[in-house]
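Sequence annotations record features per position, and here Swiss-Prot assigns domain 'THUMP' to 60-165. Marked as ATP binding site by Swiss-Prot: M183, L184, H208, F209, R265, G287, Q296.
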Amino acid sequence: MQYSEIMIRYGELSTKGKNRMRFINKLRNNISDVLSIYTQVKVTADRDRAHAYLNGADYTAVAESLKQVFGIQNFSPVYKVEKSVEVLKSSVQEIMRDIYKEGMTFKISSKRSDHNFELDSRELNQTLGGAVFEAIPNVQVQMKSPDINLQVEIREEAAYLSYETIRGAGGLPVGTSGKGMLMLSGGIDSPVAGYLALKRGVDIEAVHFASPPYTSPGALKKAQDLTRKLTKFGGNIQFIEVPFTEIQEEIKAKAPEAYLMTLTRRFMMRITDRIREVRNGLVIINGESLGQVASQTLESMKAINAVTNTPIIRPVVTMDKLEIIDIAQEIDTFDISIQPFEDCCTIFAPDRPKTNPKIKNAEQYEARMDVEGLVERAVAGIMITEITPQAEKDEVDDLIDNLL
């Protein structure tokens, strides 16, 4: 027998009340986008569940793609069969012969939305259970936590059988919580922060600061590759490259070394916030983890945050490095993150950065610079590229390959 569809059950959508259908429609669109590479697959959704009709597509590949979609609690591969007692009996026997191993227990769980069907749920459980005993005489029934729970659903158009439930990614459908700008450096932490924001339904755009010739084309490609890894969880992502060389040279020339990192981060925050305004984002997201480096003390965060009133989401702020690495390995970004390309935060990093910078001091040093002009020129020079989940190269890839 061949699977005909995948039955998809929702996660936290059950708590969304009057907005439930908006969340469901967004989830349906997200599922359709992720499964668009399987041209045969068709997706529908109603208030209770969604269905991915395989139409001959490879179930295993489709299931792997579904595991990445946020908003799905779990899903089950389903056999569609004729709605008759005899066909149901023979189908149940065929499935059980295929999956049963010595010593396993089972139960039949039937329900029907077609109340004109000749047997009610209790009678159907008994009839199909009897068919299983005919096929496998020594099998044992167990009503609580059996090894095999064979689920039978009688609908108007057909009968559906399933026995396996696969855990989904959970969370909320990407896009239901608004848009956020992810400050993507190229390290381990910021891609994990982006992943966790996606899981809570935030549609992210990646903002990456490049300082050529101090940062290499390889560093830019690394950030782009990390962005591509995140697309499998939320679809296409806009990659925004910000020219940052002029600003870093200005900071280096006009500020004391201890404040280089603080001022660099304040400029990054200003620029990201300006991009957010233009692109209708609601929040800024970054990979700061409390106390991990000098710019991530509470005093530093306060001094850096002072340049904006926009909410800053720090998904990994309370995690230690090993916890973050575990997630990075799970989402397949770790090996890219540890590639030996320096980002613009490390090239001018002072030997002894200030861990408790004062806002008034930062403002005093910035008064030596044309802050607004520097920010405006950086924002005017951004380059935006749409990063897709597919393996084919984007325009930025081609450009970088020519430079390397």
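Cβ coordinates come from backbone N, Cα and C, glycine included.
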Among M183, L184, the most crowded of the binding-site residues [Cβ within 10 Å]: L184
Those residues of the chain, 6+ apart, with a Cβ under 8 Å from that of Q296 (ATP binding site): E288, S289, L290
Other CB atoms within 10 A, centred on H208 (ATP binding site): 27
Reduced DSSP assignment, F209 (ATP binding site): strand
Long-range Cβ environment of G287 (ATP binding site), under 8 Å and at least 6 residues apart: M183, S185, G187, I188, D189, S190, P191, V192, A193, R314, P315, V316
In three-state DSSP terms, the structure that R265 (ATP binding site) belongs to: helix
Helix, strand or coil at Q296 (ATP binding site) [DSSP, three-state]: helix
All-chain count of other Cβ atoms within 10 Å of F209 (ATP binding site): 27
Within the domain 'THUMP' (60-165), residues counted as helix, strand or coil by DSSP: 37 helix, 31 strand, 38 coil
